[in-house]
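Single-structure report; data block below.
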Amino acid sequence: MKNIFLHSLSLANYRNFKNLELKTDNTPIILIGENGSGKTNILEAISLFYPGRGLRSAKLDDICKASEDYCIVKALLQSQLGLAEFSTHIKRNSNRRITEYNESKIANNELSKFTSMVWLTPQMEGIFTSGSSDRRKFLDRIVYNFYPKHAELVSKYEYYMHERNKILAEDIRDDNWLKIIEGKMADMSSHIANNRLKTLEFMQQAIDELENEFPKADLSIDGIVEQRILDGEENLVNFITAELYQTRSKDKLLGRTSFGVHKSDFLVKHQKKNILAKFCSTGEQKAILIAIILAEMNYVIKLTKIAPILLLDEVFVHLDDTRRQYLIEFFTTLSMQLWVTDTNLEGIENFASKAQLIKL
């Protein structure tokens, strides 16, 4: 098994940190500190070395320390391709982030070729009651760990979708270019939808196989393209291309693309109660979310033979003793780098004795 883990992390002008240097190894790491000390900021900085906008989905200017024009995050990381230096640079008001691998610039969506991460934060606990966009992005992050090229597919699909919207909005009479764009969107949609469905198969199997103290969930996706695949559509790309062509006039008026894989919704049901997670109590929702994360982590290791970095922000808060102890025992058996935040060590003393403690 190949382990992904940080050897060191360096922050400059990052949120509340002027400068911070951490040395770590492939063990559990507990960040201890009062609320506001910067525990979640450290997890967020690590998450920037994975496709997307980090675990907070924050605006870039919000990441820079107040009154500073830039911030830098550097990491020496044991990656899928061996030991490597990664860095990300953010300049205030530039609305762009520069990511480097061994001092060579790479696209953000290329990070899934090098790293593998799973995270759980308190903000994610509202994912079942929020908009479909949040759930879809959550699912796609899971897919990245099984299909590293998925991040690039989603990024390119969104680029061509914005190009299509622009052409329609500006009434550019270039039917050939529009046809090419819609063809690319259709081809990428087919791959994106198939990746999602295959990942859901993996995840459902993992959930059903894993016996733990958390409720089991039934996972599905509500999307026209994905449903066509399930129904055995043989000419999927042609179907998508035709739908995009037929909705041009409608989309021109709407100012957006009304059909496609960007409209799909990730649905989660409480298996035993047979109700959608959004109708469960907040405690049940957190428990279901933890169950999904545990299943994802287990199956990523089983299928890819890669142990991801696991980022857990306040995971023990509001858990009963049985579930807390189960998690502690589960984490103790893992041979992977795990980052956990808490305000104190009460109730996790045994776990702390086997972890690297970092006090803020």
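Yeah, the Cβs are placed from backbone N, Cα and C, and that goes for glycine too.
What you are looking at is a predicted structure, and each value in this text was computed from that prediction instead of being measured.
The ATP binding site feature in Swiss-Prot is assigned to G33, E34, N35, G36, S37, G38, K39, T40; the stated evidence is sequence analysis.
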Residue with minimal Cβ packing [other Cβ atoms within 10 Å] among the binding-site residues N35, S37, T40: N35
Cβ-based isolation winner (fewest other Cβ atoms within 10 Å) among the binding-site residues G36, G38: G36
Residue, out of the binding-site residues G33, E34, K39, whose Cβ gathers the largest set of other Cβ atoms within 10 Å: K39
Non-site residues, in chain order, whose CB comes within 8 A of the mean position of the CB atoms of G33, E34, N35, G36, S37, G38, K39, T40 at ATP: N41, T341, T343, L360
Three-class DSSP secondary structure - G38 (ATP binding site): coil
